[in-house]
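> Here it is, the structure, as structure tokens.
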Amino acid sequence: MNWFTRVRNSLPFVAKRSTEETLWVKCPGCSEMLFTREYEENLRVCPRCGHHGRIGADERLRQLLDEGYEVLPQPEVAEDPLKFRDSKKYTDRLKQARAKNPHRDAFTVGSGAIEGHPAVVGVQDFGFMGGSMGMAVGTAFCQGAQRALTRKCAYIVATAAGGARMQEGILSLMQMPKATVMTRRLKEAGLPYIVLLTDPTTGGVTASYAMLGDVHIAEPGALIGFAGQRVIQDTIREKLPEGFQRAEYLHKHGMVDMVVGRHELRGTLASLLDYLQPRAAA
Amino acid sequence: MISYLEFEKPVAQLEARIAELRSAAEGDDVDISAELRRLERKSADLLASTYAALTPWQKTQVARHPARPHFRDLVHHAFDEFIPLGGDRYYGEDEAILGGFARLGGRRVMLIGHEKGNDTESRLRHNFGMGKPEGYRKAIRLMEMAGRFGLPVVTLVDTSGAFPGVEAEERGQAEAIARSTEACLALPVPMVATIVGEGGSGGAVALASAERVLMFEHAIYSVISPEGCASILWRTAEKAPDAAEAMKVTAQHLEKLGVIDRIVPEPVGGAHRDPATAAGSLAQAIGEELDALAGRSADELRRAREERFLRIGGA
Ligand SMILES: [Zn+2]
């Protein structure tokens, strides 16, 4: 193995794509072909239809935090305690996901500031096994909260999950109360906890830390819900209402405070943090 | 009349044979008591050995058995008094989740749980035990009241999951479940939860985030139904038995994983064969747990509750 292949293999998340594919990207919203570089420079928001594309943890942290933030190492948790196997072994699925992602699981924490306001930001990455919540995600969420408690600053979490990490069975379900222990501690410490709901946020994540914020912000068009749309459709056997479980729909039904486009997120968070200042211990 | 599960067929045949012999013997002089005794012993042995070796999927069938005692049956047999309280004070009364003051032995408690219903009419009324936001918000209201009046909270969990519907989503199913979980964790009084049938996902956790979690011997508790898991990971619901096995949904597995604390024994052949005895064991177990927790401070209780969840996966 020569030096180059070694390096390339150690950077497995650098996809080998043809120039053609790298140059252009198709908008998932309006199918328009966009220049990749321009799309990325526009924070992966389609300039034509405003569709907000999904972004990874590192990109999200870069977009939200001031330069010079620290990325916390992801926690080591018991791996595959159930020895789970469907058509594939869970350990193989993990290996596969890690080969395509710079992180070892779906939740990454950055500690820094947003326009000068001290903040810890946790980001759930849909790109890693659908952002599914298992022990690594739950534990990383808790470590982010713990860092905010130590720094006595705000905790902001960008949620994204297709569901639970079924391969961890009940242990994944137990992450719901576990994360809730920490949101309670933030509340007791008088620290702000802000949730940024991104596409998609569903299942147990929605029914725990995604719905317990002091302020809920949703990205435009984000799918947010508890039950899956197909499950609901099979239950009621009717057509779902227009825009059902989308960010704007949740705003209308009182579940989120505001729908904010990606370009305004940093500024919005900074203004909120200005109001939600931790009170000095009495 | 017992409705038999697929894997109980050999038992069903023996029991049918016994019933046949009995009715044939009536008014007859032939003494068949020896044969009857032999068959009865054989049948009892077979039932015991079958139930001692249930697979996770078979346990799923038992946990969902139509004749399994549900909340109201268990309350009837196990508690001395139950004063139901209704409504969430925001929207409505959800009969999928029942709650109120109850007496267990000499102990006054706040009792909350899912009710699935036992026949078509009651199943519809209780929405098959699938709670809506107003049900979880009622649970929150009752838990907060219990905290203010020093009443321990006892929950009986039995749901396939929270109701998946358009209106439930619109009224904040996710938020209601999250807040109910939070309300459990905030309780300044003892909380003992028991999974009595199905512990289905977030709809179960919302009433089971307690410092002591018990499970009936043949109950199941899981992050998603075996069918749901199978249809996603195996791409067919027919693989549900494999999913039940892989997800480790049984009380015996979950005790080993440290997710539950105690298994409540069921009568041979499952709780549905003898609801009164099952309820008696339940009352005994919950009573002992409550007595062990009595006298602890609010901080101690909350700390114990927090630690049991924080340690899962490390923190
Ligand atoms: Zn577009």
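Count begins at 1; order follows the chain as displayed.
Cβ from N, Cα, C; glycine included.
The domain 'CoA carboxyltransferase N-terminal' annotation in TrEMBL covers A:23-282. Look at TrEMBL and you will find A:27-49 tagged as zinc finger. Residues or ranges marked as Zn(2+) binding site by TrEMBL: A:CYS27, A:CYS30, A:CYS46, A:CYS49.
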> Is it possible to list how many residues within the zinc finger (A:27-49) are helical, extended or coil according to DSSP?
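Final tally across the stretch: 6 helix, 4 strand, 13 coil.
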> Given the Zn(2+) site residues A:CYS27, A:CYS30, A:CYS46, A:CYS49, which other residues of that chain have a Cβ within 8 Å of the mean position of their Cβ atoms, reported in sequence order?
A:PRO28, A:GLY29, A:SER31, A:GLU32, A:LEU34, A:PRO47, A:ARG48, A:GLY50, A:HIS51
> Tell me, what is the mean pLDDT of the zinc finger (A:27-49)?
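Over the zinc finger (A:27-49), the predicted model scores a mean pLDDT of 94.
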> Near the Cβ of A:CYS46 (Zn(2+) binding site), how many other Cβ atoms are there if near means within 10 Å?
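Summing over all protein chains shown, A:CYS46 (Zn(2+) binding site) has 20 other Cβ atoms within 10 Å.
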> With every protein chain in view, how many other Cβ atoms are within 10 Å of the Cβ of A:CYS49 (Zn(2+) binding site)?
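Summing over all protein chains shown, A:CYS49 (Zn(2+) binding site) has 13 other Cβ atoms within 10 Å.
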> Give me the long-range Cβ neighbours of A:CYS27 (Zn(2+) binding site): same chain, 6+ apart, Cβ under 8 Å, in sequence order.
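Expected: A:MET33, A:LEU34, A:TYR39, A:CYS46, A:ARG48, A:CYS49, A:HIS51, A:GLY53.
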